[in-house]
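Reviewing the structure listed below.
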């Protein structure tokens, strides 16, 4: 809390339902994991979708707000995590996939060729028209902001029209290209106990004029992609360079009961958080996985399998649905799981995937798994974090290993299967990533460093969309404030 000189002022602060931030967002954006009706998909289809994703991997005053989420509890359909943002003046809504595996925010442009017109996700697709926004300006090649993405290959120069441009080609042959625009990102903030709508910040983002391949499929179409990488063209880097946000963001992705979650520009504070260092000089969020344990026993995997050299290693990516291991790690992992449950289930192979016919709860049968990282941090996985239910027939269920194998690449990718139901903190200043198991339907405490160097806290996840008043207070914040009040009163006695 900011320092208070008088006891009376502290008493007033005790009555306030949330802290006033004097620096940084955290601005929490609505995350939705919407799963379209009648779009059930098999593991092979999910793997194909992730393969396209992996092509991408290889090639002031602030406040807090969050929104209710929609979706379905069925885990075996295609879903994706996305948030709604507002761009331009007047603002228009755009639904963009949250992607920690890329850097750039881009949306479909009004002049787009091949962009989808409708979406099976039951959302209204929009197209950004620079001519309809009074604050929009194209970014020229000579603009200093164009140079932000040159080193990371996120931008280039179009000699034809002198516009700062981009082209992203994906592994499955699909891709997008367009030009960069500077315009305002609009968002609502909670300042103290009041809602401050339509706050703005200037950002550079892509206006997509062409899309091909998987991006044009309407069943899961969104307006674009919100890249949360740490390169210069990412929105988190742009806002930090303006002094508007700290270089840290967090998410908590809910896996069950409709999905959804919280996305915050700021640090979610949780006492059980553990951290591992980021591998330096990598384009993505690479961490150093050292070993995998099943039932407390380390698997016989050569440590070189997880080597972080030559662009290899372990990548944290919210845009990947499943999780992926190199062949040398995948085989002992599946063998250990199968050996642990062989007396209680019937192992079967379905379309190349190791599956199990089960007549009871997986939590009662399948062993715990831990991924062990540099710095002594372990990520503990429940069976639902490495299994996917394929079907349920006649009182028995078929569950399959959700981890897939990657051949001849030396890469491990941790996608939503593993990332869900956990708080993740991306500390870009400290160059580390932290996590903790968490019920993402609950509210969270968010910290941002103020301009005075102090830490400010706000409780996120407790504001309704139609009300500026919090529904409840964080007991930690109230307790700490009362303690401070008693200490100051004692000073005056």
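Placement of Cβ uses the backbone N, Cα and C atoms for every residue, glycine included.
Unlike curated entries, TrEMBL annotations are predicted automatically.
Within the same chain, residues at least 6 positions away in sequence whose Cβ sits under 8 Å from that of residue 99 (active site) are 225, 226, 227, 228, 317, 318, 319. Positions annotated as active site by TrEMBL: 99 (among others).
The active site annotation in TrEMBL covers 317 (among others). Cβ neighbour count for residue 317 (active site): 24 (other Cβ atoms within 10 Å of its Cβ, all protein chains included).
Mean per-residue pLDDT, taken over the domain 'Peptidase A1' (81-436), amounts to 89. The domain 'Peptidase A1' annotation in TrEMBL covers 81-436.
Taken from TrEMBL, the feature signal peptide covers 1-22.
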